[in-house]
Amino acid sequence: MFKSGFISIIGRPNVGKSTLTNEILGEKLSIVSCRPQTTRNNIRAVLTRDDYQLVFLDTPGIHKPRHKLGEYMVKAAETSTDEVDLIVFITTPEGEISKGDELILEGLKNSKKPVFLVINKIDENPQELVAKTLKQYSEYMDFAEIIPISARKSKNVDTLLELMIKYMPEGPKYYPEDMITDVQERFVVSEIIREKALKLLSEEVPHGIAVEIISMKQSKRGTYHIDANLLCEKDSHKGIIIGKGGQKLKTISTYARQDIEKFLDAKVNLKVWVKVKKEWRDSNFMLKELGYKE
């Protein structure tokens with residue numbers, strides 16, 4: 001019997017949704033950063049084995065939006081639960097139920113789909129706090145399964161995966177066996193560049209940045225030549241991103257190129273420029289150009 005289905009992974013920003021997706025797949029598809037709200041699109045990732053296929057939707061964190069990009073991110077996350085077979089709600093040990101989690105759980109209480117509670121980052125918190133969190137959430141609503149994990153250290157992730165498969169219906173292969181994501185290569189490349197920028201830049205810049213792939217061509221010898229714009233909203237941010245003598249931008253580009261080469265399994269020649277696009281997060285035109293809106 002072949003089982004298949006769709007799984008929505010939801011939660012507040014920075015609870016480890018992307019880390020979990022990447023750990024399950026063994027591939028770096030979703031952007032991972034210590035800063036919240038780094039995932040901006042629903043990333044559809046595919047895990048295929050001999051007897052099952054799981055399709056994961058790694059969603060943006062649900063939060064109170066402050067601009068049009070934020071509105072898009074929240075809408076993308078909320079609509080991801082409409083047509084799935086299983087909802088995986090992720091949180092972290094905090095003892096009390098946060099207002100952000102309460103908002104999400106209220107929307108899940110009447111769901112006809114099974115909902116898993118996954119408590120992530122148990123390796124970073126005292127057992128007493130983990131136990132208190134489990135008690136608080138299990139009393140708040142009924143969950144199909146409750147699994148404490150550490151996505152970063154892969155603790156209990158295999159157990160979670162086994163339970164996911166258990167809840168999947170019998171079904172077809174929705175995607176080819178060798179397919180791991182339905183997003184275009186250009187999108188993954190842009191996300192890799194953005195991830196490196198998020199990790200290397202100061203707090204004041206990151207959420208105002210985006211990456212625009214201008215050109216991506218493969219030569220006859222197999223080398224990819226990629227030109228990209230790293231967009232920011234303020235002139236002052238441009239200098240921070242470039243850094244003294246261009247060193248910061250060079251570091252971002254070097255780290256990004258290394259990961260892009262792993263993803264494409266080919267040599268990469270990457271050129272990145274910094275451009276100022278004021279208030280791009282509130283521009284419908286720019287959001288469409290960058291692929292955040294249809």
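Glycine residues also receive a Cβ, built from the backbone N, Cα and C atoms like all the rest.
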(message) Please identify the range among 120-123, 168-171, 244-247 that Swiss-Prot labels region 'G4'.
(response) 120-123
(request) Could you check which of 58-61, 98-101, 110-113 is flagged in Swiss-Prot as region 'G3'? (result) 58-61
(message) Averaging the per-residue pLDDT over the domain 'Era-type G' (3-170), what integer do you get?
(response) 80
(message) I want to check the contact list for Ile122 (GTP binding site): same chain, sequence separation of six or more, C-beta distance under 8 angstroms. What comes out?
(response) Pro93, Val130, Pro148, Ile149, Ser150, Lys155
